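Asker: This is the structure, below, for whatever I ask next.
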C-alpha cells in the first residue's frame, strides 16, 4: 500500500512538473525537483521500474532535476533581462549567475548522457536558447541541428515541448539572421533567407497550436475546481511573442506582400486565446497599415479569393504546411468578407479599437506608468490609422464618434485631444472643436498650429471674430518661437479685422478696422513676401477699400506664384469688372471655370457678367448650367435614395416625386407660333429646373450650404426673368426658393421686388420690412425699402433708411444714388448733388458683385 501511495505521489509530482513547465511557473520548480528527488531515492518508493514515463535511477533523477532547474534558472534570467533580450543585447555569463549555473547544469547533463533521448533533446533545445542569449549564434544553430528539430513531431507530446520547439524555430531563424554575410555567396544568402522564413513560419504555427491547447487544458483543469476560480492569464515570453509575429514581419520587410498578408490573415482567423488577445490587436493594426499604405484598391484581393497572378508567380510558399498541425480557425457559413482594402482595414481597426480601449491602463500610479504609456501608444496608433481609413471615405462623423470614446483615457494626452478636435472640425461640429482646441492650447502652449487651427474655425464656419482675434494674438505673442507660422498669425488677425469691418455698422468703425486689417496683412506680407495666400488677401483688402490699381498690382504678384488659384482668378475678374472691362472679366471667369468647374461662386459671377454684357437671355442659359452642376454634385441618391437619371441630355426626364414642382410656360407668340430667344432660354431652364422636384423630407438632409446654394440659383433665375418681364416664371422660381427657406431674407426681398414690378407697392413695402427684420444689416434691402417709401410719399422715413444704408456700407453706390434722389425730392439740392457725385465716383470702381464674396479664410 505504501509503495502504491508513493507511486501515485510520483505521478502527481511529474504531472505538476509538466504543467508548470507549460504554464511558466518557474518559481515552483526547485520545490517540485526536491519532491521528485525525495520520491526517487532508494526507499522512497518512487522508483517505478518498467514505467515508460519516468524509469529513473537516482543518478538519472539527479540529471533530470538539473534539467528542470537549468530551464527554470534560464527563464528567470530572461524575465529579469527582458529589455536587453528585446534589444538583442547579449547577456554576459559573468554578470548573470543564474545563466552561468544553468549552463553548468546543461553541460553536465550532455556530458553524462544518462537521460533518455527525449530529455537529452530537451537539454539541447534549452542550451540552444542559452547560446542565443549570450550571442553565440553559430553554437545555437549547431545545437538545434544536433537536436534534429526539423524532424521533430508534435503528436502525443507534452505541451511544454510545443513551447520549446516553437521557441527553437524562432531562435534558429533569428540566429541565421545575425550570422555575418561577408563570406557567403549570393546563392547561399538567398538560401539562408528562405530558411529563416521557413523557421519563422513553423514557429508561428506551433506557437498558436501550443497556446490553444494550453488554454483548453487550463480551462478543463479549472472547471474541476470551485466555480468562480478563474485561471491566471498566461504571459507570453519574448520568444513566444517573436514566434507569433516574426513570419509576417520578415515577409513584409522583404517586400513579400502576398505572403505577409496571408500570414496576418491566418493569424487573425485562428481561434484566439487570452494570451494572444493583445498580439491580435497588434497584428490587426499591422495588417490595416499594410492595406492602407502598401496595397492599392486595384491590387486588392479579399481573404476568400486569390491575389493577382503576377503576385502569385513571384512569391511561392517556402515550406510544406501539410507536415504541421494547423491551429483551429474561425469557420462557419455566411462569414462577412470585405470588398476592398479600406473596408477590410476599417473592420480590423474597429475590432482593434474595441479591444485596445478596453485594455488601456487608466491608473496613474507610478508603478503602472510604463504600462499606461505603452497602452496609450497602442490605442493612439489605432486611432491614427482609423483617421486615415475613415478620412479616405469622408466618414468624419463616424471618426469623431470613435475618437470621442478615447476621451476617457486622454487626460493630458495632447495627440488624442488634437485628433478629436480635428475630427470635429471635419464633421462640422465647429463649436465643440473650438472648445477642444482651447484644451489643446493648455496642453501645448508653445505650439502655434493649435491656436491657428482654432482661429481658422472661428473665422470660417463660426464667424466668432472676437475669439478668432484672441487666438491670432496667441500666435503673434509667441514671436520668433512661432517660426514659419508667425506670418499666418498676422494673416489670421488681418482677416479678422477685415471681417469685423464688414460687420461694423458705423462708417468710422469700418474705416478704422479696414486700416488695421491692411496694416496687419502688410505685416504678414513683410514676413512672408512670397506667400500667395497673404498677397491675395492684401489685394482683396485693397479692393475692399476701392484702391483698385494697387489691388491689381498685388494680385498680379500672387498669380505669378499660383496661376490657377480660384480665389485669385475670381478677384481678378471682379477687379476687371470694377474697371468696367467686362469682357476681360468674363474671359477670366471662363478660364477659371475651366480649371474649377465645380465652383458656384465663379458661376454666379459669370451669370452677372453675361447679364451686363449680353443680356438676361445668355445669363439664363448659364443659370441652367449652374442648376445642372448642382444636380450633378448633389445627386438625389446621396441625399435620400431617390431615383436619378444619369443622362443630362436634352429631353431629360425623371420620375416626379410629390412636393415642390416647377413648370415654366414656354412664352409662345400666340399669332405666329414663333419663339423668341428669351423663350428658348426660359424653356431650357424649365427643363433643368423641373428635374429638381423632391420631397420636403429631403430638405433637411445634407449640409446647409447645399440648400443655400440652390436657393441662390432659384433667386438668380427669378431676377433674370423679372428683367425680361416674365413675371410668372419669376414667381415660380421664388416659390421654389421659398420652399427651401420660407423666412429667408433673400426670399422675402425677392418677393418684394416681384410685388414692386407688379405695382403692388404696399405689399412690396411690407415684404421689404420683413426682410429687413430678418437681416437688419441688408444694404440692398434698405435701398429698395427707402425708394419704396419715397414712392409712397414717406420722404423723411425714406431718407433715414437710406442714410442708414450708406452708413452701413459706404461703398454702395446704389444707396448713395437713392439717397440723392430722396434729398432732391425734398428740395435739398446741394446735399443731393454731393450724394450723386459720391455715387458716380463709387460706381466707377464698383464690381458686378461685391468683393466680399471672395471667402476670407485661412
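Each position is counted from 1, following the chain as shown.
Cβ coordinates are placed from backbone N, Cα and C, and glycine is handled just like the others.
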Asker: Quickly, which of 51, 116 does Swiss-Prot have down as phosphoserine? Just give the residue.
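Answerer: Looking at Swiss-Prot, the phosphoserine feature maps to 51.
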Asker: With respect to Swiss-Prot, which of the residues 40, 318, 647 bears the note phosphoserine?
Answerer: 647
Asker: Which one of 175, 690, 744 shows up in Swiss-Prot with the note phosphoserine?
Answerer: 690
Asker: Labelled phosphoserine in Swiss-Prot - which residue from 9, 182, 810 would that be?
Answerer: 182
Asker: Write down the residue from 198, 357, 693, 743 that Swiss-Prot flags as phosphothreonine.
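Answerer: Among 198, 357, 693, 743, the one Swiss-Prot marks as phosphothreonine is 693.
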Asker: Do any residues, 6 or more residues outside the repeat 'TPR 5' (533-565), come within under 8 Å Cβ-to-Cβ of it, and if so which ones?
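Answerer: Long-range Cβ neighbours of the repeat 'TPR 5' (533-565): 487, 491, 494-495, 498, 501-502, 514, 517-518, 521-522, 524-525, 571-572, 574-575, 578-579, 595, 811, 842, 845, 851-852, 854, 856.
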Asker: What mean pLDDT does the predicted model reach across the repeat 'TPR 3' (414-447)?
Answerer: 94
Asker: What does DSSP give as the helix, strand and coil breakdown of the repeat 'TPR 7' (745-778)?
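Answerer: DSSP classes over the repeat 'TPR 7' (745-778) add up to 27 helix, 0 strand, 7 coil.
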